[in-house]
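Report on the structure given below.
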Amino acid sequence: MADDQGRGRRRPLNEDDSSTSRGSGDGPRVKVFRGSSSGDPRADPRIEASRERRALEEAPRREGGPTERKPWGDQYDYLNTRPAELVSKKGTDGVPVMLQTNFFRLKTKPEWRIVHYHVEFEPSIENPRVRMGVLSNHANLLGSGYLFDGLQLFTTRKFEQEITVLSGKSKLDIEYKISIKFVGFISCAEPRFLQVLNLILRRSMKGLNLELVGRNLFDPRAKIEIREFKMELWPGYETSIRQHEKDILLGTEITHKVMRTETIYDIMRRCSHNPARHQDEVRVNVLDLIVLTDYNNRTYRINDVDFGQTPKSTFSCKGRDISFVEYYLTKYNIRIRDHNQPLLISKNRDKALKTNASELVVLIPELCRVTGLNAEMRSNFQLMRAMSSYTRMNPKQRTDRLRAFNHRLQNTPESVKVLRDWNMELDKNVTEVQGRIIGQQNIVFHNGKVPAGENADWQRHFRDQRMLTTPSDGLDRWAVIAPQRNSHELRTLLDSLYRAASGMGLRIRSPQEFIIYDDRTGTYVRAMDDCVRSDPKLILCLVPNDNAERYSSIKKRGYVDRAVPTQVVTLKTTKNRSLMSIATKIAIQLNCKLGYTPWMIELPLSGLMTIGFDIAKSTRDRKRAYGALIASMDLQQNSTYFSTVTECSAFDVLANTLWPMIAKALRQYQHEHRKLPSRIVFYRDGVSSGSLKQLFEFEVKDIIEKLKTEYARVQLSPPQLAYIVVTRSMNTRFFLNGQNPPPGTIVDDVITLPERYDFYLVSQQVRQGTVSPTSYNVLYSSMGLSPEKMQKLTYKMCHLYYNWSGTTRVPAVCQYAKKLATLVGTNLHSIPQNALEKKFYYL
């Protein structure tokens, strides 16, 4: 498809009193679609309501399931959880530093109230843009700054009458009666006030000539072409205005949109030409893809392919039948090349949400550009490296881009006028905040403790330190499975493993070897069945490559059908120059899978259980999901963990099955210590955007009540509880003099939210790009810990992930929960054996 075809010039909207006048930029739509080339008389081109109305109506709506990204801290999810007795949530411990952020302060806070009106037209006008045009005749009356989405009007001017009646004419000289009904005031304290501010910002950004793709703005004129992979990167911005601790701040993050230059038509042509297989193969490769139509800069999800219709098919438009070929030529000056290609069907999700009506959008394959990356592309190292060279910006590059955006916004006349009309002015400098750097934590080994280091990486200390706990008789009964042709590589791996483990205090004896003569999945599984007859403590499989089917089968046999920890090592690993370093990591994993602990941190609290919880969707059935809970068993006493998994609905965001998992962890703790924990810190990951209120009402309160009941049964007071929501996917960034802040950096002021007990923590070092802080929102706490102790405890918990000898972005229990939930949802698709609950089998 030539570029000029896909980017046909837009024509001005024409007004029409019929329902077909809604056509403005989407393809033709049908309410009931039938596979007939003669056309459906009910089909007509339409346009939805403006994006400004959708922003107001849908801002609080949850999307994307349990692990959706939460860009600016749940933008419209307002829940006041800051304890009344908490005078200050700022800590004092640590070295103070001045940090720069990706926020800009709103210098002149508007001192006005926004007036909300509802507008009706008589006779009725279906097309929102026509409504906007008719009302714009009274711009002077409405005031210099007003927002109108075709139905709702927002302005700073209050009319004297409750209902103000005006008249106006359209471009076709049709006169309309306009009724403007007063709804109410929106004060600065209301969440809707911030929504309006965001709409004002979006309106001001129109002057930057950016394209709206999805919900963010991108600059196609600054696109970066990666021609060898038929791909473009569009730079853009994610923005949000919100009331922070003291000021209203504009958060700005640099983002990129992956735009593939290939179309759905190109993908279809690559599919099998065998008539018996072609349609099925097309559907496998096309369904659920997100596409962009350049003629209206809209994105759609492909829900079906209709092989019964072609661009020659007709539909009813403005009282006559018209083919798709003629429609696109007349509407967009686009000539469709292949008149025999099938049509694509996309459900109009926004329309369905508002009206519960089923409306479908009809699309032409050769006009649909594919967006995003598929699994094959993500596994292409060269492609990902080429992309990251543009998208992975260091702190200086990022701050330069932020300042350039601010300068562009404040020097574009159209943008400046919008902000001035609303009496708004942005600071030209990024917002600064004083943070603190917590001191290095001590890592406790069997024979001593060492500081974690400035970069929070203690890999080198394994040269002279023994792991904290190891089996007294070592790894004495285990098995390996390897192809006969790789016997030499197996010897190399085992020799390196013996040496690495010995230096860390883990004695590994020679395994029972099961040599196989091919590398088929079934051969490995049958060899595992032979292995288990000798009751091994662990099975190691040497495999030729990263075959997903083989890996899943090995894990399922070990964890679902049996209860034997498995370790899968690829042949490529044995040929790595850093084999001894890799062997050290494998030895640590083997020790963990046996149920032992490589290291610990100094923990001042006794009787403490830390819990991590996360959810992962099943890759086999997207309606199903698996929740994983990891709980520590008093790390001051025995440094062990407990894990449990349950199946739940992918839409069960509030995890109604959570309490039984907590109860199992409590029983295990009681079994090991002959008492229940006196303190519980629950780190809740996997919370979807907009669900904090539901989470607090139905999950937190439920846990509190059930803990009271559980402890009352043994005549104990309920434990001290802290419930903390962990958000790892944030757009918030901060920098230290053009560099990444070091691990242990805390921010608990200025950019935090006044209604929350929250803080940001940078807990890990990154070698490339810009570090992303993690947000912690304390929804509930009866712990009695000061803010700095809560922050320090959280940082300590980031030192205990045993797959990596360094800190992690989130507390280890969260990382373990994510790892386990992903393993079950991706590979096992069944609940693992209970006998594995005390072992790190999921590492």
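Backbone N, Cα and C atoms are what each Cβ position is placed from, and that goes for glycine too.
The active site feature in Swiss-Prot is assigned to ASP614, ASP685; the stated evidence is similarity to another entry. Residues or ranges marked as Mg(2+) binding site in Swiss-Prot (evidence: similarity to another entry): GLN589, LEU843. Residues or ranges marked as compositional bias 'Basic and acidic residues' by Swiss-Prot: 41-72. Taken from Swiss-Prot, the feature domain 'PAZ' covers 263-372. Look at Swiss-Prot and you will find 538-829 tagged as domain 'Piwi', backed by sequence analysis. The symmetric dimethylarginine annotation in Swiss-Prot covers ARG7, ARG9, ARG10, ARG11. Residues or ranges marked as region 'Disordered' in Swiss-Prot: 1-76. Annotated region 'Interaction with CBX5 and papi' per Swiss-Prot: 1-257, in sequence order, evidence recorded as experimental evidence. Summarising the annotation, Swiss-Prot assigns motif 'Nuclear localization signal' to 1-12.
Mean pLDDT of the predicted structure over the domain 'Piwi' (538-829): 93. Using DSSP to sort the residues of the domain 'PAZ' (263-372) gives these counts of helix, strand and coil: 38 helix, 33 strand, 39 coil. Cβ neighbours within 10 Å of LEU843 (Mg(2+) binding site), excluding its own Cβ and spanning all shown chains: 20.
Reduced to three states, the DSSP call for LEU843 (Mg(2+) binding site) is coil. In the three-state DSSP classification, GLN589 (Mg(2+) binding site) falls within a helix.
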